Every structure is written in C-alpha cells, then in structure tokens.
Amino acid sequence: MEQTLSIIKPDAVAKNVVGKILDRFESAGLRIAATRKMQLSRADAEAFYAVHAERPFFGELVEFMISGPVVVSVLEGVNAMSINRDLMGATNPKEAAAGTIRADFADSIDANAVHGSDSVENAANEIKFFFSDREIC
Ligand code: ATP
Ligand code: MG
C-alpha cells in the first residue's frame, strides 16, 4: 500500500470544487487517509516548494499558494503516487489530457488546481511536512 500527498490549490478551493476533486480520488480507488483545509503561511509555502527556489516563477508560485486556503490530503492505495499524477494531468492545463483534474478545473500553469507528489520518496517527506502519524488512518 502506497501513500501520496495531494494539495487542492487556492484556485480550486475558491471555485468550490473541493468535493468534486476528492471524488476523483475516491472514484479511482484511492482512500483519503487524512485531509485538512488550511491557510499556508509564506514560510510554509517557501519551505514546501524549496526545490523550486531558484526557478524564475518561485515568487509567483509562493504568492499564489498563500492567496487563499488549500486542502491537503494523504491519498492511499496501490500505486497511489502515479495514479494521482495521472488523475491530475499535465502541469500546464492547456496540455492536460481530457478528463483530468487540471483539464477540467485549472485555468493556467500557475493556477493549476492541484499538487501531487512526484515520487514515492518525495511523498513520504511531503506527508511528514503536513501530518503527524496520528492524523493518518
Ligand atoms: P506540482 O508540484 O504543483 O504538483 P508539477 O509537479 O506538475 O506541479 P512542477 O514542475 O513541480 O510541476 O512545478 C510546481 C508548480 O510550479 C506547478 O504546479 C506550477 O503551479 C508552477 N509552475 C511550474 N512551471 C511553471 C512556469 N513555467 N510558470 C509558472 N508557474 C510554473
Ligand atoms: Mg512538482
């Protein structure tokens, strides 16, 4: 059984499609092992996306991620990390396959509705960043 971290980003929360996106995960056979709505601080967003600190879009990415609340979740299932990445679609919603979350709910490469861990190793670190063991069940 594998776990991965999902973030429903501020654009999708503002569109009131949290339930529709969580339904995509459950309908694909993933289980929601933990979930929480929260407002990220600037320090949270900078730490979470530290891997992108040198990229030209880092400042905008941080501003966007703190522009409103997010919903963070731990998704669990066989191949949960890659199943979630498939459900999300390409980073740029204009390139995302039909029927993916980003094709259906995202507007632009920065306001792209969801984050998902991109490796099992990163997933473990991202889950620890947001949740304690007793919150995951
Ligand atoms: P995420 O990490 O959010 O799941 P991803 O793994 O598909 O998305 P990354 O390459 O890790 O994409 O980029 C992280 C985030 O940075 C993207 O989701 C997007 O919001 C933003 N981003 C990536 N590339 C660009 C870009 N060229 N211009 C603006 N924002 C970008
Ligand atoms: Mg990424």
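Using N, Cα and C of the backbone, Cβ positions are placed for all residues, glycine too.
In TrEMBL, annotation is done automatically, which means it is predicted and not curated.
Since the structure is predicted, the reported quantities are computational estimates derived from the model, not experimental observations.
The ATP site recorded in TrEMBL comprises Lys9, Phe57, Arg85, Thr91, Arg102 together with one of Asn16, Asn112, Asn122, namely Asn112. Residues Lys9, Phe57, Arg85, Thr91, Arg102, Asn112 are listed as the ATP binders, and the farthest two of them sit 21 Å apart at their Cα atoms. DSSP assigns Lys9 (ATP binding site) to coil in the three-state reduction, placing it in neither a helix nor a strand. Secondary structure by DSSP for the domain 'Nucleoside diphosphate kinase-like' (1-137): 64 helix, 26 strand, 47 coil.
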